[in-house]
Amino acid sequence: MIGKEENKFISFIKKNKFFASRKMGQNFLINENIKKKIVDSLEIKPDDHVLEIGPGFGALTKIVLSQTKNLTVVELDKRLVEFLKQEYKELRIINIDVLKFDFKEFNKDTQYKIISNLPYSISSKIIFKILKYANFSQSVLMVQKEMADRITAKVGTKKYNNFTVLLRITSEIKKLFDVSNNCFFPKPEVDSTVISFERKKDFDFTNFEKLESFLLKCFSQKRKTIFNNLKNYFPKQKIEEVFNKHSIIPTTRPENIKEELYLKMCFDFYDL
């Protein structure tokens, strides 16, 4: 049965001959129960400040606004910006590509929460930007299920990579629930997963870029050993020194090293 909000959505599409943009990764959430479940996961209080990335037709926006008026949305598609302006007169809308959005300056004196159904093609880039620059307390994001599986992958598995390690070291991550592709229009080819994450308080984020760079070196070629990957960037003597200190066998492959050990190695290689 089609609800009131779905009817409004379909009417707008027909009236405006709206076509979802593949380039922008537009798949709009239309399941009312899932919308509520996502927003409830963020545990919004009336005085909370919230940033929503890619609101689309306002699937989550309306529910968030019922819980706090301190909502800012970032939307690139001008067609959707016009729709949101008509629907939510007092909503603060920033019409910009989220990859160009200045997370560092936004609400820099007040922590805020982040909510989003992320575009699949750029979700990892957005997550990196959030972790690097955003002054956020908690984030609830919907990502491609495959990405969620990578984020939560166990050491020694094929999906365990530099992205996995970086997020594990810098943030507390929870896999909340899966979302069927039937909950979207147009229907994507894959299912999604909602995750929650927040920054770890014991990690010094001034070291984020060095850690990110180091992990890229370690996983530059997953089929090669950790030693062979690092020898292109560090002197052999330094590598042997660090490996001996942490009892690392040179023939170990990158996916077989725990995240805690990567952090220790990073500190030693860069003398942090």
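Cβ coordinates are placed from backbone N, Cα and C, and glycine is handled just like the others.
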Candidate sharing the S-adenosyl-L-methionine site with Asn27, Leu29, Gly54, Glu75, Asp97 (per Swiss-Prot), from Asn117, Asn135, Asn161: Asn117
Where Asn27 (S-adenosyl-L-methionine binding site) sits in the secondary structure, as DSSP reduces it to three classes: coil
For Gly54 (S-adenosyl-L-methionine binding site), the three-state class that DSSP assigns: coil
Local backbone state of Glu75 (S-adenosyl-L-methionine binding site), from DSSP in three classes: coil
DSSP three-state assignment for Asp97 (S-adenosyl-L-methionine binding site): coil
Residue among binding-site residues Asn27, Asn117 with least C-beta crowding, 10 angstrom cut-off: Asn27
